[in-house]
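S.K.: Please see the structure below; I have some questions.
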Amino acid sequence: MKSLAELGLTARGGAEAQITGLTVDSREVKPGYLFAALPGARVHGGEFIQYALRMKAAAILTDAKGAEIAAKELAGSDAALIVAQDPRATLAQAASLWFGAHSATVVAVTGTNGKTSVTTFCRQIWEELDLPGVNLGTTGVEGAWNHPLKHTTPEPITLHRVLAEAAQNGITHVAMEASSHGLDQRRLDGVILAAAGFSNFSQDHLDYHETFEAYFDAKMGLFRRVLSEDGVAVINLDDPKGPEVAAICTARGQEVIGVGRHPDARLRLTGQRFDATGQDLLFEWQGRARQTRLDLLGGFQADNVLLAAALVIAAGADAADVFDTLQYLTTVRGRMELAATRESGAAVFVDYAHTPDAIETALKAMRPHVLGRIVVIVGAGGDRDVGKRPLMGAAAARNADTVIVTDDNPRSEDPAAIRSAVMAGALNAGGTQSISEVGDRAEAILRGIDMLGAGDALLIAGKGHETGQTVGDTVLPFDDVEQASVAVAALEGWV
Ligand SMILES: CC(=O)N[C@H]1[C@@H](OP(=O)(O)OP(=O)(O)OC[C@H]2O[C@@H](n3ccc(=O)[nH]c3=O)[C@H](O)[C@@H]2O)O[C@H](CO)[C@@H](O)[C@@H]1O[C@H](C)C(=O)N[C@@H](C)C(=O)N[C@H](CCC(=O)O)C(=O)O
Ligand SMILES: Nc1ncnc2c1ncn2[C@@H]1O[C@H](COP(=O)(O)OP(=O)(O)OP(=O)(O)O)[C@@H](O)[C@H]1O
Ligand SMILES: N[C@H](CCC[C@H](N)C(=O)O)C(=O)O
């Protein structure tokens, strides 16, 4: 139990309330709880204050609108009322005080693509340095302690609970993903960061943010609000937005470590050579040259690895020790993951590319590793940014030799309509010889693999580590890696 004062809250009435728990969902209220009635995308949480009071909530945190919606019920109740201008921000601070301690070293990464990869590499580097660490994001909590998560950046009550539990489990180092939704909804407020990273910026999530400016501003919340003035900002200077992000951080007085091929980068990539199983890197740290092997496919993974290395250094590790670990880094689940190989040697990769930029990057990154043709299977998610669909199709057509358009989590939408938007982009882009549409994802994978000759490769894009296909409200079991193995086994006559 904690008092409102211990949670940093000032109430109208009921100030002596002792809080037994926090929730944003009225259906979870128990006697003595603080119910945060938040303005939502579909409904205002104020609508549920009446129910929360009936369940004996001891305190209600909301905004002026929520207090107005439930004015009658609140007037007749002795529960404490906290009216905040931004109740999400207030809730995040209260949640951090409720759960108390979190791991000593926390870093966060934002960017359109690469967050899961960078945070996973941070955790792998810490593990190599014998520091108990986890990465926390789209793939859940992974590392010395594992835990599934519903969101890339969990809402603050879950986030602070997970951070506290990680600390209790002996985890001293955490690398977390900061999604633009999470930043916009203040889910990370109250997390104390040693360092924050920026990977890149391109189109996604315009269904939510509406404009590029709003999307970029949401991401900048990591550096403008969550990371304190004495934190270190690690910025990919090769992204067109990188120098602007660095300027924002410098203006706040934060130390900036630039990463990339850019001449101003403190951790600077100076050479890259590819082969069938990975790449060799030449780089400089503060002007001193180093070399490492990376058993990872895709040039972009070098950008992610260097960003992760700089974050780990920024958070206190010795640079030379960090660079010694890079040769041991392993593939991130569902990111350029080798899923199956045909008897001819043709390879099948699964990758989480689900934005136009990621599709282009992933396909371009495959070229130097592949002798023959590249086939890509691509689809776009339902109930998500509709503008990116033709751009994803076009990126596939411009960068692969053969494109198969299929379904990827149609959710509440008509799958054929989503596919036709992706197809339109592919057909208008020019370039690729063969573009076809196969709605059923398993059949698309089978057909894609059947097309492969010696030296060819297939990229199954969009679902990466996902284990389900969401159709309507139903999640059907579906795993691209598993489907690829099944298809190869069937085509080779192994079963
Ligand atoms: C658009 C969005 O981000 N919505 C999030 C938001 O929901 P909301 O506030 O809009 O929900 P709402 O349905 O309008 O309800 C309003 C309020 O009433 C409450 N309520 C509702 C019903 C009820 O009976 N009782 C009750 O108290 C709700 O708990 C909520 O607080 O706040 C909720 C609680 O914090 C989140 O669970 C929810 O995430 C939804 C499920 C979601 O799908 N979000 C995705 C888009 C998301 O956040 N993705 C990002 C990025 C992924 C990426 O980078 O690819 C992520 O970090 O995962
Ligand atoms: N540095 C990068 N630049 C461009 N594309 C990248 C980069 N890193 C990864 N990608 C592409 O983006 C896909 C998603 O990568 P990752 O999961 O690391 O990003 P993310 O930002 O965590 O995405 P999400 O938050 O949607 O899960 C990869 O499968 C790859 O195709
Ligand atoms: N977390 C992201 C990933 C989407 C991946 C893709 N499989 C899709 O369903 O669009 C989102 O919700 O936009």
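The backbone N, Cα and C atoms fix where each Cβ goes, and this holds for glycine too.
Sharing the feature lines straight out of TrEMBL:
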DOMAIN    19-96  domain 'Mur ligase N-terminal catalytic'
BINDING   G111, T112, N113, G114, K115, T116, S117  ATP binding site
MOD_RES   K219  N6-carboxylysine
DOMAIN    334-464  domain 'Mur ligase C-terminal'
MOTIF     408-411  motif 'Meso-diaminopimelate recognition motif'
S.K.: Rounded to a whole number, how many Å is the Cα of S117 (ATP binding site) away from the Cα of the residue listed as 'N6-carboxylysine'?
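M.R.: On Cα coordinates alone, these residues lie 18 Å apart.
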S.K.: Minimum Cβ neighbour count within 10 Å among the recorded positions K115, K219: which residue?
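M.R.: Counting other Cβ atoms within 10 Å of each of the recorded positions K115, K219, the minimum falls on K219.
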S.K.: Around the ATP site formed by G111, T112, N113, G114, K115, T116, S117, which additional residues qualify by having Cβ within 8 Å of the site's Cβ center?
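M.R.: Filtered neighbour residues, in order: V109, V118, E177, S199, N200, N304.
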S.K.: Given a separation of at least six residues and a C-beta threshold under 8 Å, show me what packs close to T112 (ATP binding site) in the same chain.
M.R.: S199, N200, F201, S202, Q203, D204, T355, D357, A358
S.K.: Over the span of the motif 'Meso-diaminopimelate recognition motif' (408-411), count residues by DSSP class, listing helix, strand and coil in order.
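M.R.: DSSP classes over the motif 'Meso-diaminopimelate recognition motif' (408-411) add up to 0 helix, 1 strand, 3 coil.
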S.K.: Measuring Cα to Cα, how many angstrom lie between K219 (N6-carboxylysine) and G114 (ATP binding site)?
M.R.: 14
S.K.: If you count other Cβ atoms within 10 Å of each one's Cβ, which of the binding-site residues N113, T116, S117 has the most?
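M.R.: Neighbour-count leader: S117.
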S.K.: Helix, strand, coil: count each for the residues of the domain 'Mur ligase C-terminal' (334-464), based on DSSP.
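M.R.: The domain 'Mur ligase C-terminal' (334-464) comes out at 51 helix, 29 strand, 51 coil.
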S.K.: Give, as a single whole number between 0 and 100, the mean pLDDT over the motif 'Meso-diaminopimelate recognition motif' (408-411).
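M.R.: That stretch averages a pLDDT of 98.
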S.K.: How many other Cβ atoms sit within 10 Å of the Cβ of G114 (ATP binding site)?
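M.R.: Counting Cβ neighbours of G114 (ATP binding site) within 10 Å gives 28.
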